[in-house]
Amino acid sequence: MNEETLKIPQATAKRLPLYYRFIQNLHNAGKQRVSSAELSEAVKVDSATIRRDFSYFGALGKKGYGYNVNYLLSFFRKTLDQDEVTKVALIGVGNLGTAFLNYNFLKNNNTKIEIAFDIDKNKVGKKIGQVHIYDLSELQSRLIEENISIAILTVPAEVAQSITDSILETSIKGILNFTPARLNVPSSIRVHHIDLAVELQALVYFLKHYPNDTENSQDETN
Ligand SMILES: NC(=O)c1ccc[n+]([C@@H]2O[C@H](COP(=O)([O-])OP(=O)(O)OC[C@H]3O[C@@H](n4cnc5c(N)ncnc54)[C@H](O)[C@@H]3O)[C@@H](O)[C@H]2O)c1
């Protein structure tokens with residue numbers, strides 16, 4: 001994201017790609033304008049939150065008119081750096097990694113897995129979709145050469161920290177960690193953890209303790 005968006009709350013920042021996706025859908029469907037109530041229904045975020053989120057960027061909507069779809073689209077495209085492709089590497093081409101390579105974020109214009117790594121000799125040298133799988137010994141040199149800024153970690157938890165340590169001195173600025181390992185990194189590197197087991201447990205907890213909380217029945221902030 002560019003500098004203008006650096007000071008917005010993190011929860012708002014995390015909702016931006018969600019807004020962008022739905023605004024793209026509205027644009028593709030030929031819609032010219034959208035009210036915060038319609039947007040709220042589509043993205044399942046309450047309209048007060050949408051108005052507050054949008055207010056961080058100045059007055060984007062007009063009372064009684066709603067938001068101009070083209071304006072929002074170009075605004076979010078610019079804010080989310082959609083015109084600039086962020087190169088991603090995937091480390092660990094097992095069950096989860098293979099699924100990501102097949103999916104390869106085709107709906108996102110600005111992120112693409114460019115390269116993958118594994119230690120398994122049966123996988124190294126092959127391609128999944130457009131993505132080549134290289135031996136782990138080539139990790140640092142290829143990350144630097146291709147100027148890759150994000151690494152997705154889908155390796156066994158035991159090796160997650162050592163792989164992380166080995167990419168600290170490369171072009172990597174962010175790590176999307178799917179392993180259950182908690183990673184130690186310097187503050188110059190950002191780590192986002194995605195743990196299905198934790199999410200499932202949280203869902204079970206909310207079902208049990210907040211069965212009637214229909215106001216907040218969608219969690220889009222993580
Ligand atoms: N976050 C989630 O929701 C979620 C869900 C399922 C699995 N996981 C985690 O994701 C990771 C991968 O799971 P999986 O089911 O795909 O496992 P997997 O065993 O199918 O795949 C792991 C891959 O990593 C490779 N590998 C092993 N050591 C390596 C190293 N040092 N460098 C590079 N590659 C190496 C293996 O050869 C294999 O291809 C695990 O840590 C697992 O706990 C997370």
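A Cβ is built for glycine as well, from the same backbone N, Cα and C atoms used for every other residue.
Just so you know, TrEMBL annotations never went through curation; they're auto-generated.
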Here TrEMBL annotates DNA-binding region, and of 18-57, 138-177 the range meant is 18-57
Report the residues of the chain - excluding Gly92, Val93, Gly94, Asn95, Leu96, Gly97 - with C-beta within 8 Å of the mean position of the site's C-beta atoms, for the recorded NAD(+) site, in sequence order. Leu90, Thr98, Ala99, Phe100, Asp118, Thr154, Val155
DSSP state at Gly94 (NAD(+) binding site), helix/strand/coil: coil
Mind giving me a neighbour count for Gly92 (NAD(+) binding site)? Other Cβ atoms within 10 Å of its Cβ, every protein chain shown. 26
Around Gly94 (NAD(+) binding site), which residues of its chain at least 6 apart sit with Cβ under 8 Å of its Cβ? Asp118, Thr154, Val155
